[in-house]
Structures are given as C-alpha cells and as structure tokens.
Amino acid sequence: GLRGGAPARVPGRIDRSISDAGGLERLPGRLVRAEGHPPVPDVTVREAWDGLGSTHDLFWNRFQRDSIDDRGLPLDATVHYGRNYDNAFWDGERMVFGDGDGQVFNRFTASLTVIGHELTHGMTQFTANLTYQGQSGAVNESMSDVFGLVEQHARGQSTAEAGWLIGEGLFTDQVQGVALRSMKAPGTAYNDDVLGRDPQPDSMAGYLETEDDNGGVHLNSGIPNRAFYLVAEALGGNAWDAPGQIWYDTLTSGTLGGTVSFAAFARATARAAVKRYGIGSAEHRAVVAGWTTVGLGSGLAAGIPGPPRPE
C-alpha cells in the first residue's frame, strides 16, 4: 500500500476523550476535548478529564495495567448527560456523567471515587466479568468501590488519613449525609429525612435478602467493602499497596466464577495473599482477620501456623 499501518502504540500511554451530551440522553455527544488538546473552561469536563487520568495512573503505575482492558483502551467519557440526571455509569464502552438535580445531588464528576468506581466496572467486564446479580453482583459493586481508592492514591493519603467514603461531595448541602457509602462504617454515610438512612449492612449478620437492586448489589456490597477496609487498616501504609494488590490479583486471577459467592470470593483473596506474600504472612493474616470480622472467616485460617486464634 501507499502508507504504512498505524504507529506502534506506546504501552501505558493514556488516550482520553470527553464529549458533551448537552442535556440530552444521547451518546456520545459532541467531542469537546481529546488527548493533546488544551483544557476547556467547563469544570465538568476538567473533572472528568483529570479523573480518567488519575484512574489510568493508578492502574498503570501500581498494577502495570495498561488501561482498563490492559491493551491500552482509549478512555472516553460523556458529560452533561440528560437533564437533572442523578447518576454516573459505565455503559460497556464509555463513562457517562449526569449533572445531578441540584436538590439532592451535585454533578457526578465532582467525586473521584465515582470515576474510579465506574471505570473499574469496565476493568471487571474485561476480567472476571462478574454477573450483576446477588452476591456476585455485590462483589462486582464492591470491587468498584475498592478501586475508588484512586482518590486516596491521587491525594497521597495513607489508610489512616483516608475518609473511606464513596461519592463524597455528591450530596448538596440540603442532604444530611457525607457520601453515598462508607467502606469503613457501612450504614453510616447518610441519614436524611427524604433519602432515609444508609441501608448497607456491615457484616453477614445484617445481610439483606431482597429482589430489589438486582438482589441488593449496592446494599450487601457493604460487607466485602468493610472487609477490604479492615485489611487495609490492619496493614497500615497505603491501601493501593498490599491490600489493593491482593484484590487486583484476585480480580485478574482467572479463577473467580461469574457467579462467585461472598465465601468463595473471600477464599480467593486469601489464596491471592498466600500466593504473593506467603502463608502466615502479615498480609495473609490481615485478609483472614478482615473476613472473619464481617462473618466470612469460616475455613480461611487453615494453614496459618501458631495457636488457633479465637473467632
């Protein structure tokens, strides 16, 4: 042919684009910024742009993952989706952000944990592809909350300094609440006259059997969320080091079934901790202790040397 193929891609190089839906529920919208273009004044575009960058940076620099598919997938987002649209979502190809209604919710680009959360749904899609129903769906949701730690990474926060909140800054001043969810203390993120109170359980004792919300995927995710927080708290330092590595290894191991249960997921994280850090290591013990606290420790302590520790 007259011309060669596309230039060889540089591993780890980010390729972002932001489009503006202009208040319509149509995708992708009008392109307003692409890689190599100067910034634009719209704060929503800037937040989405920076959030995509922060998430890409976490995956590449901490886990050597080249974008969410590990093959350099361009990260595309659409902002100003719909009118007063109270959500953000990953549609299988791109990130989509609503502006919020201004009464309960601010714009959804305002929270870096939300951006990390939605992009992680993409990473899960390309790896374990966990069925979005029941316990596997709650593991899927929890995995997205865990990698909301992109916010801690971007801020350079230690486990002790971090707020462990998902969606901090999304609520307007009119809401009695700090965030959508708390990983440290599920069930405490909000208690509002209109919204009611945060319904998340923090252990299996409070597990919710429900048909709503795809079998409670945004509710029961509080249980594995707290387990991850407890692992990070026990190990100290930064959550993106050993704790994040163990969860990342688990997600990408190829061993999680699409309909994985909480118990099977807990076992998989313990196996991942043993594989990377060794049996009876501080990391392994922290994983076992975290799951034990939330009521999922059964059978996890096998092989840890030393006297049996009380449940």
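Every residue, even glycine, has its Cβ placed from backbone N, Cα and C.
Unlike curated records, TrEMBL annotations are generated automatically.
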Among 1-21, 148-168, 190-210, indicate the range for which TrEMBL gives the feature region 'Disordered'.
1-21
Looking only at DSSP and grouping its letters into three states, which state does Glu118 (active site) belong to?
helix
Intrachain C-beta neighbours of Glu118 (active site), sequence separation six or more, cut-off 8 angstroms:
Ala88, Phe89, Trp90, Met95, Ser144
May I ask which residues of the same chain, at least 6 positions away in sequence, place their Cβ under 8 angstroms from the Cβ of His218 (active site, proton donor)?
Ala138, Glu141, Arg181
Counts by DSSP class (helix H/G/I, strand E/B, coil) across the domain 'Peptidase M4' (51-125):
30 helix, 12 strand, 33 coil
